[in-house]
Amino acid sequence: MTVAQTAYSVSEPITTGLTALERFGHVERPDLRYTPEIAEATAPIFEKVKHFIPAIEWAALAPTIHAINKLKKERNAVILAHNYMTPDIYHGVADIFGDSLQLAIEATRTDAEVIVQCGVHFMAETSKILSPEKTVLIPDMRAGCSLAESITGADVRALRERNPGVPIITYVNTSAEVKAECDICCTSSNALQVVESFGVDRVFLVPDKYLAANVGKKTDVEVLVWDGACEVHERFTAEELRDYRRIEPDVKIIAHPECPPEVVAEADFAGSTAHMIDWVKTRRPEKVMMVTECSMADNIASETPDVNYIRPCNLCPHMKRITLGKILDSLVEMKEEVVVDPVVADRARTAVERMINLKI
């Protein structure tokens, strides 16, 4: 799915003044004993993850997975899981999985009243921006992002003051406040097209300096950068990739464009998480190395059993704050609700919609 192919509508925001728990009511905490009934009910899920989760661990995880899947129906909730979630979440409880913007747009198309965002905080904000009438929960409010935290709305205003007339494009991996101050949003898959859509000589692409540099290599537009980076992707090096090739000469290397340009140059393909997954599913290489967060290879391995994954492992500490136990807590207690000021949300939504309306 591409963003341009997706339509959605925006409803009125929640204005009751009540907490999520007051709006949805109290429920009893479920019994988490592992029973034959739970073993049978979760067996199809275990089949997908048995190569990553031993049976002895599954006995501890299955009751929580079963409880979440039951409770989300009672709460009329939809669980969104980013591609970097662990397999127990991705295969066990997620209703929709994908990259951050794809998740937020897909959530607008459901009848669910509650969104549980299994990702980081800016993703939950984006879901709230596009679905203001829904209750958005994040299992751990501390799940941040080095990119999103590298820039503020005040930073963008200062950029605009110092560079009048220069369009400012923001990557979706930013806060609602930053989106609200920018002219348009972009994703890692459409950044080049958004940059060139202005028909000008210079633009800012913030905050990821590596994404901006990688886009700049493909266009005649001068792409001005901000000094932000993803702490997962910036740790990869070109030398590391060359070492892997010496060990595994036949391996195909695919990288995320948040990686440094010299890393992207060593790769056989570079693209967003969704494009990386599509590349593997379509090409079916005998061996592949996905230069991104660890869990993504685990999550698609069950769908591509003929592919051997060489795993360079850089974990995202923020994504890993999201656990099954915290997802269950969020549904039981309806806590960690994400709220975005309606004025900020309206302006941020405009930046997102401008991107969608480009139909790229």
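In case you wondered, yes, glycine gets a Cβ from its N, Cα and C as well.
Automatic prediction, not curation, is the source of TrEMBL annotations.
These come from TrEMBL:
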type: BINDING; residues: H82, S100, Y171, V172, N173, S188, H256, P257, E258, T273; note: iminosuccinate binding site
type: BINDING; residues: C145, C230, C316; note: [4Fe-4S] cluster binding site
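Other than the site residues C145, C230, C316, same-chain residues with C-beta atoms no more than 8 angstroms from the centre of those residues' C-beta atoms, the [4Fe-4S] cluster site, are V120, S146, L147, N173, E231, V232, H233, E293, H318, M319. Applying an 8 A CB threshold to same-chain residues 6+ apart, the list for N173 (iminosuccinate binding site) reads S100, F122, C145, L147, A148, P207, D208, C230. A separation of roughly 12 Å, to the nearest angstrom, links the Cα atoms of H82 (iminosuccinate binding site) and C316 ([4Fe-4S] cluster binding site). Largest Cα-to-Cα span within the iminosuccinate-binding set H82, S100, Y171, V172, N173, S188, H256, P257, E258, T273: 17 Å.
Listed binding-site residues: C230, C316; maximum Cβ neighbour count within 10 Å falls on C230. Annotation for E258 (iminosuccinate binding site): spatial neighbours L147, S188, D208, Y210, L211, A229, C230, V232, H233, E234, criterion Cβ-Cβ under 8 Å with sequence separation of six or more.
The Cβ of H256 (iminosuccinate binding site) has S188, H233, A270, G271, S272, T273, M276, V291, T292 as same-chain neighbours under 8 Å, each 6 or more residues away in sequence.
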